[in-house]
Every structure is written in C-alpha cells, then in structure tokens.
Amino acid sequence: MDFLNSSDQNLTSEELLNRMPSKILVSLTLSGLALMTTTINSLVIAAIIVTRKLHHPANYLICSLAVTDFLVAVLVMPFSIVYIVRESWIMGQVVCDIWLSVDITCCTCSILHLSAIALDRYRAITDAVEYARKRTPKHAGIMITIVWIISVFISMPPLFWRHQGTSRDDECIIKHDHIVSTIYSTFGAFYIPLALILILYYKIYRAAKTLYHKRQASRIAKEEVNGQVLLESGEKSTKSVSTSYVLEKSLSDPSTDFDKIHSTVRSLRSEFKHEKSWRRQKISGTRERKAATTLGLILGAFVICWLPFFVKELVVNVCDKCKISEEMSNFLAWLGYLNSLINPLIYTIFNEDFKKAFQKLVRCR
C-alpha cells in the first residue's frame, strides 16, 4: 500500500556512507521476504495445477489467492524496496500510477479472497448437502471474478482523487485529502471484510463443534439400539472370551452359576464401552482443538498483519494533527505485505494432500 518517503538529496556524502549498512540490511531483508513470498505462492499454484487430487472448487479459491499474493511479491514488493532504499521515487509518475494501482488492487484482492474462502467454508459446513451441488468450478470462477471486480472498484477512486492534488516527481503516494476517500477505501478494503471474516469463522467454529457432538451422539445411539457398545475388534474379542469361558465352565462344572458368568461378560463389555467413549471424546477434543488452532492462526495472522496499517491510514488521514514517522509507515506497509507470505502457509500446512504435492514438486516427481 502507499506510504510516505523523503528525499535524500540534502544528505551529505558522509551521512549517506554511515547509513549504507542499514540500507543494505533493509534491502537484503525485504528482498528475502519478497523471494520467499514468490517461491511459496509459486509452489501452491504449481501443486494445484499438476495434482489431480487438488482439483477441487475450494482449492481454486486457494489458487486464486496464491496468484494474488504472487503478484504482490513480483509487482509490488520490488518497487517498494527501491523506493525505501533510495528514499525517493525515480521511475516517473506513469510507473508510479501503475505501481499504486497494482499495489492497492492486489492487496485489497488478497484480503477479499480471505472473505470469499471464509464464506465458502461456512456454506460447506452449514449447508453441506445443498452447497455440494452448487460448489462447482464455475461457481468458484464466479466468486473469484466478483472478488477481482470489487477490488478494482475499491482501489480506483483513491487513484482518481490522487490526481486532484499536485504530486512531486520524487514521491509516489496517495494523499488522502478527502475524508470520504479515506473512509471508502479503508472500510471497503479492510474493515468490512474483517467484520465478515470474524462473523463467518465464529459461526464456522460453532457449527463444526455442534456437528462433532451430533455425530458422536448419533454413533453412540446407533450402537446402543443394536445392543453393541464395543469397537469391532473389542466386540469379537469379548464374544470369543465369553463363549469359551461359558463353554469351559459348562463342561467342567454342570452346576455353574451362569448368572455370574453373564455378569462377568457384562462387566467386560462395560469396560470396553467406557474405553471407547473415552477414545471418542479424545478424538473429538483433538479435532476441536485443531479447528480452533487453524481458525486462530488464520484470524491472528490477518489481524496482526493488516490491522495496524489500516488503523494508521484511518487515523493519520482523518486527524490533521496526527503524524507518523517514515520508518513506522514503511514498517506497517510491509507488515501488511507479509500476509501474502503467511497466507499460503496457513491454508496448506494442515492439508495432507498439499503436503504430499509439495514433496513431489520438490523431488521433481
């Protein structure tokens, strides 16, 4: 996104020399982040394209997100690095307009993709049967197209207002002199998608938790109706033990109290039932914790990366007396860019199919 920079023309040669190590460090660090973002998103895109098992409408949204984040890495980050290191814009206003357009559009599109993915997952859980019919490649394509169209509509007005004021040739920024422009762009690009994502993921977690409990209760109810409360292996084992035990007793001692024998068998079954119930509770608890962890990572990364930047954009541009340093402004912008590196990691790291696809790509199989 846009941020302020100052010219270094007034600095002496000695001052520039003293600042050189820090500039080199910043340049290498940011270049490393850009390279990592490019590589990881490329892997996600390649994995989805070449792996037939990943050809699913839900993964098309992931692929489109990866394409968007890839564009941020190759079209936005490099220009930003040059701008930060040089401390002035040297590529002319035409390139500046193109860079700002791509910057705002791609960053907005990346955020809106997260909303689309949240909506897709919400419908897949809460309306599984009906949505399974609608969840087609065409449907995914329509969602992706809508996301890009909305992103363009959100990003274009700030660029139009940019040309209403005068800009120096050595700077490439959007001056938010219009409060309406600031509110429109920040709420459209972040605050509204954030509210939507928070609501959807809260409902997803509640729905998933309820679904686990219903399935668990349904399995137990079915087994109790059938008179079975054991795992298949445990059931066979118990039948074998109880049958041989009864047969042995009946042959060796005709006066055996069979009520006691059946009591022993019931006791064994009760123990297996308790063990099975405990195992299921453990599995259910593990699933819920995993779901909570995944959702927590998704929301946490998104909020940590983008919230500071958009708070700054809203406060600084609405409040005339509020100022922020150039270094902090740059840091907040790159904290937002960092989300393009984190996105492919979070959305694929918990998926075994993606892990296997990555391994095949790395091994060139």
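Backbone N, Cα and C define each Cβ position, glycine as well.
According to Swiss-Prot:
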type	residues	note
BINDING	Asp103, Cys107	serotonin binding site
DISULFID	Cys96-Cys172	disulfide bond
MOTIF	343-347	motif 'NPxxY motif'
TOPO_DOM	1-24	topological domain 'Extracellular'
TOPO_DOM	82-96	topological domain 'Extracellular'
TOPO_DOM	160-178	topological domain 'Extracellular'
TOPO_DOM	316-327	topological domain 'Extracellular'
TRANSMEM	25-49	transmembrane segment
TRANSMEM	60-81	transmembrane segment
TRANSMEM	97-119	transmembrane segment
TRANSMEM	140-159	transmembrane segment
TRANSMEM	179-202	transmembrane segment
TRANSMEM	292-315	transmembrane segment
TRANSMEM	328-350	transmembrane segment
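Contact between the transmembrane segment (179-202) and the transmembrane segment (97-119) is present: at least three CB pairs lie under 8 Å, with pairs separated by 6 or more positions in sequence.
Three or more CB pairs closer than 8 A are found between the transmembrane segment (140-159) and the transmembrane segment (60-81), so contact between the two stretches is assigned (pairs 6 or more residues apart). With DSSP states grouped into helix (H, G, I), strand (E, B) and coil, the topological domain 'Extracellular' (316-327) comes out at 5 helix, 0 strand, 7 coil. The two recorded residues Cys96 (disulfide bond) and Asp103 (serotonin binding site) have their Cα atoms spaced 10 Å from each other. The DSSP breakdown of the topological domain 'Extracellular' (82-96) into helical (H, G, I), extended (E, B) and coil residues amounts to 10 helix, 0 strand, 5 coil. It is Cys96, among the recorded positions Cys96, Cys107, Cys172, whose Cβ has the fewest other Cβ atoms within 10 Å in the structure shown. For Asp103 (serotonin binding site), the count of additional Cβ atoms within 10 Å of its Cβ stands at 24 [all protein chains shown].
Distance noted between the C-alpha atoms of Cys107 (serotonin binding site) and Cys172 (disulfide bond) is 17 Å.
Residues of the motif 'NPxxY motif' (343-347) grouped by DSSP class, helix first, strand second and coil last, total 5 helix, 0 strand, 0 coil. Cys172 (disulfide bond) and Asp103 (serotonin binding site) are 12 Å apart (CA-CA, integer value). According to DSSP, Cys107 (serotonin binding site) is assigned to a helical segment. Under DSSP, Cys172 (disulfide bond) is assigned to coil, being neither helix nor strand in the three-state scheme.
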